[in-house]
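According to TrEMBL:
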- CYS84, CYS89, CYS125, CYS129: [2Fe-2S] cluster binding site (BINDING)
Amino acid sequence: MTMQAASTEIASRTAAIIDEMKGLEGPLLPILHSIQEEFGHVPKDALPVIADGLNLSRAEVHGVVSFYHDFRAHPAGRHVLKLCQAEACQSMGSDAVAAKVKQLLGIDFHETTRDGSVTLEPVYCLGLCACSPSAMLDGEVIGRLDDEKIEEIVAEVRS
Ligand code: FES
């Protein structure tokens, strides 16, 4: 697909989502979630369509997308690894876990490895505080992260 065709396709699918949801109260977040579900991220080309559809400025839409950690500006890798950075996990060493994972993968939060295998994201409480520090790999929670588990996770996402 050419870039032009891809952006027309994004615009028309985005417009359909907006039509379906703009009657909701506070439609922006549900619309962004649907768009992310549809495309795996919130494409840049969707932003002006959302702004026009909801009568907002592009800056407002962009501000909301960048404020919420849930929204991705780029397609995710084949795996998505989320590391909990909230208080209970912090007190159990999540900073050291994050540092180790970042070093092993060679990426920072909100980045994807160059081979497209994994996207690393922070998350703020997975409801697994009793087993902190915690993570989520492709939707499955993992508790009590230690060096061994971190290495296993990294090996899994890289395989
Ligand atoms: S603070 Fe990490 S799971 Fe609750």
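Don't overthink the numbers, they just go from 1 along the chain as shown.
Glycine is treated like the rest: Cβ placed from N, Cα and C.
Annotation note: CYS84 ([2Fe-2S] cluster binding site) sits in a strand segment as assigned by DSSP. Listed in sequence order, the residues GLN85, ALA86, GLU87, ALA88, SER94, VAL123, TYR124, LEU126, GLY127, LEU128, SER132, PRO133, SER134 complete the 8 Å Cβ shell around the [2Fe-2S] cluster site centroid, once CYS84, CYS89, CYS125, CYS129 themselves are left out. Its own atom aside, the Cβ of CYS89 ([2Fe-2S] cluster binding site) has 27 Cβ atoms within 10 angstroms in the protein chains shown. Note on the binding-site residues CYS84, CYS125, CYS129: the fewest other CB atoms within 10 A surround the CB of CYS125.
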